[in-house]
Structure formats: structure tokens, C-alpha cells
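Novice: Provided herewith is a single structure, encoded as C-alpha cells, for subsequent inquiry.
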Amino acid sequence: MPRRIAIFTHARRSAAIAAASSFVTELTNRGIDAALPSADVAEMGDRFTADAAILEELEPGQDCDLAVVLGGDGSILRGAEWALSREVPVVGVNLGHVGFLAEAESSEIPALVEAVASGAYTVEERVTLSVSVTDHSGDLLWESYAINEASIEKLARERMLEVIVKIDDRPLARWGCDGTLVATPTGSTAYAFSAGGPVMWPDIEALLVVPVSAHALFARPMVVGPRTVVDITLAPESTASGVVWCDGRRSLDLPPGSNIRVVTGQHRMRLARITQQAFTDRLVNKFGLRVEGWRGRSVGLETSHHDDTDQQADGHEGRHAH
């Protein structure tokens, strides 16, 4: 039985459609089948020029052993959501902006095709979140999951949320705020990063709690253990309602008195890696970080003597090339 790869792409972008068509054609030429979501196939229409099966129509036993996503981080999250409960590894090709979850850039697609065809990749596992919401009586309203973060946010711009935060059923703080995030190490470079949280290396087993614009003396980002239970309750006497978002993709409106419980998820996101690039290098590349400053070159930077001479002659600081 031939191998089968699930393909996800941004079905409204011409560049993504062309990349997906080319990728699937290259897989087919190597005897590997591809399957795409029916919604993507319908939206792309005849702009998608390759032959592929419909993901939802696969028979039992016709499982995919890898999911390839061509797009930005939003598309990669969509592919990861499909793959999560199936425990299928995901590899992303960045056709967006930062593409922090992506393993390859568009120029590296030929190398990715070869790696996928030969199975030359490793699998990295990441922590996810399980999210449950109960009302003021304790009745279950909603359950979901998150790969990046669960964010509890205010619904009305003119009103702050009043939230009560508990860690392992012990009261920690009460904040008037715009919101509160619970993020994974993967999500620490997403919304939580914008809200002032720390960057966490992806192999850390932990959760990150980040208040957003909190009006409080103690309102700092906190890193808690992987078995921690985080409860965030909208104060029952509050007049402000809120909303909980999971990865910015699934949401539920929250009346006062609602409780959002976040714990480490049962399933782990599995990312396929075709290189052994250190997370530090990925951080530098994606954020365009300067690795030298006015005090001179950092120890351990690998640049040639020729580069040093040119930079001194030009009288400006160079950048570390990867």
C-alpha cells in the first residue's frame, strides 16, 4: 500500500495553491498519494492542478503518516488541529510572515519533498492545553483544546474584566484586566509574547500564565508546572462579560461567574523536523535579532575573516548569517 500524505494550504492565496499543486505532483511522481480537505479542494477549484484524494473520504486503514502544511502559522495551526488526535506529525512550509511553527521556507520545498519521500525527518513533541468552561453553578458549558494559548478576554472595550486566578485550587490573585492568557511553550512566541510574556524553549514541560494590561500591583507573567491546574473565574458580581478563545480559532462567550479551567492536554502536537536547527537559531532568524552590538562581536559567532574586514572598513555592525 502506498504512503499517503495529508496536505493543507491557504486555499485563497494563489502562491499557496501553486505550491500545493507542485508539492503534490512531486509526491505523486515518487509514488506517494496525497489527500486534501474537501473544503480546500472546493475553494481552489481548477486552480489546483494536481491529482489528490479527499481527506474526509478516505476509507479505514487509508491513514496519512504525515501532514504537510503550506501557508502561514494560521494554516499550520489548522493542519495541527486535524493531526492532533490522530497523532500524525505535521511539517510546515512558511508562505506567510514570521512562520514560527514552519520547518521550511518556500525556497526549501524541493529539499522538503526529498525528506518527506525518504522519511528523513525526526518528530518533536510539544505540550498542548485542555480547556473546560463551567457556569456559576459548576455545570459544564464547553470543552476545547489549544496548541498556542487559551485567552480570556473582555467583550466590551470600555469595561475591564475582573478575574480571580487560582493555581491548584489555591487563590493567587484578583486582577482588573483586558484579559488573561494561559499558553504553552509553543505559544510563548505568539500572543503571550506580545503581552509581555517570556520566550520558553519548546522542550520545557510547563504552562505560562500572562495577565494582559492588568491594573494590579502583582500582575506578572508566571511559569507553572505541567501538572498545574489553572482556574480563571470571571467575578460573579462583575458587570462585564468576556470571551474565551482557543488559538484565536474557537470561542465561547462568558457571562460573569464563568470558570475557565486549563490543564496540560492529553494529546501532544507532533512536529516533523528535517533539520537539527537549534531553537536559539530559529529565534534569531524569525525575529531578526541582532547578535552583536556596540560592545563588539559576540563569542562563538561564525563569520569569515573577510566579513570582519569588510565590516570594519564600512564602519557599521554586521549581522550573523545563518
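Placed from the backbone N, Cα and C atoms, the Cβ positions cover glycine too.
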Novice: Can you find which of Asp63, Asp135, Asp178 TrEMBL lists as binding NAD(+) at the same site as Asp73, Gly74, Arg78, Asn148, Glu149, Arg159, Thr189, Ala190, Tyr191, Ala192, Phe193, Ser194?
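Specialist: The candidate from Asp63, Asp135, Asp178 that TrEMBL ties to NAD(+) along with Asp73, Gly74, Arg78, Asn148, Glu149, Arg159, Thr189, Ala190, Tyr191, Ala192, Phe193, Ser194 is Asp178.
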Novice: Determine, to the nearest whole angstrom, how far the Cα atom of Ala192 (NAD(+) binding site) is from the Cα atom of Asp73 (active site, proton acceptor).
Specialist: 15
Novice: Using the alpha carbons only, what distance in Å do you get between Ala190 (NAD(+) binding site) and Asp73 (active site, proton acceptor) once rounded?
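Specialist: Each residue's Cα considered, Ala190 (NAD(+) binding site) and Asp73 (active site, proton acceptor) end up 10 Å apart.
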Novice: Quick one: pull the CA-CA distance for Asp178 (NAD(+) binding site) versus Asp73 (active site, proton acceptor), whole Å only.
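Specialist: Rounded to a whole number, the Cα-Cα distance is 25 Å.
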Novice: Hey, how far is Asp73 (active site, proton acceptor) from Glu149 (NAD(+) binding site), Cα to Cα, in Å?
Specialist: 14
